[in-house]
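J.: Take a look at the following structure, please.
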């Protein structure tokens with residue numbers, strides 16, 4: 001499968017961010033805890049390179065607890081301040097105030113020495129489509145001040161949100177980079193629902209997900225759907241379709257309907273807490289990328 005989704009308003013949003021970043025003290029980036037690196041926009045690193053950075057691992061309740069803790073340590077080792085949040089339930093959201101204060105400690109101290117007291121910290125909230133930014137802001141602010149939806153691309157314009165006397169938030173539309181250099185990134189984002197389904201082949205996508213599950217979480221699909229194990233993705237999909245009564249006229253199996261059920265079940269945590277990428281593998285990929293950039297040979301034994 002080939003992935004590409006970059007509506008025109010995202011180009012405009014990126015240009016606007018380049019201007020807005022000058023007004024900001026700290027950049028808060030929401031990532032999906034199931035795909036922390038794939039859901040992290042690499043453009044933000046360049047745009048916010050001189051700012052304090054906070055990573056919020058959102059939807060951590062849908063991800064493996066073990067791997068989420070590993071990702072938290074991984075990001076902290078890279079110099080980020082990190083918090084775990086569930087923007088939907090509000091879990092962990094209050095603790096973000098404390099993280100903001102920690103991230104801006106030097107800035108607050110500089111202001112104090114200049115005699116500037118109680119100047120609000122200005123924070124920018126960023127994240128890719130459908131990562132839960134608007135829901136987080138509503139939960140963080142305690143009122144529905146940002147439009148929410150369960151489809152990518154709901155937030156379309158710039159909004160300043162005054163939380164309290166200490167913090168002001170600048171919300172931005174979620175932006176994806178113009179091209180997925182690694183199609184595996186696109187695949188993972190499609191799994192979690194960050195790419196519009198109108199441009200996807202749901203049956204193919206579901207079979208790719210089944211293939212991943214067989215490789216990394218063997219037995220979970222069979223347990224969830226009460227089916228016999230098969231290493232073949234299509235056969236597994238057909239068995240799930242049969243088990244769920246997904247039928248077309250003539251009693252033919254409706255694999256497309258079953259594919260939609262599987263993806264919806266995954267996205268809503270009904271299959272289990274499943275992380276799609278892992279810190280130790282990420283380190284290997286980053287080392288290999290650096291080696292290529294420096295003209296070195298890659299260690300194929302990893």
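Keep in mind that glycine also has a Cβ here, set from the backbone N, Cα and C atoms.
In case it helps, TrEMBL gives these features for our protein:
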- 58, 59, 60, 61, 86, 87, 130, 131, 132, 133, 134, 135, 174: GTP binding site (BINDING)
- 10-178: domain 'CP-type G' (DOMAIN)
J.: For the domain 'CP-type G' (10-178), report the average pLDDT of the model, please.
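T.: When the pLDDT values over the domain 'CP-type G' (10-178) are averaged, the result is 84.
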J.: What are the non-local neighbours of residue 58 (GTP binding site), defined as same-chain residues 6+ apart in sequence with CB under 8 A from its CB?
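T.: In sequence order, the residues whose Cβ lies under 8 Å from that of residue 58 (GTP binding site) (at least 6 apart) are 30, 31, 32, 33, 85, 86, 87, 127, 131, 132, 136.
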J.: By a simple count, how many Cβ atoms lie within 10 Å of the Cβ of residue 134 (GTP binding site), its own Cβ left out?
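T.: Taking every protein chain into account, the count is 23.
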J.: Would you count the other CB atoms within 10 A of the CB of residue 130 (GTP binding site), including those on all shown protein chains?
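T.: Summing over all protein chains shown, residue 130 (GTP binding site) has 23 other Cβ atoms within 10 Å.
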J.: Using all protein chains shown, find which of the binding-site residues 60, 86, 132 scores highest when you count other CB atoms within 10 A of its CB.
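T.: Compared across 60, 86, 132, the most Cβ atoms within 10 Å surround 60.
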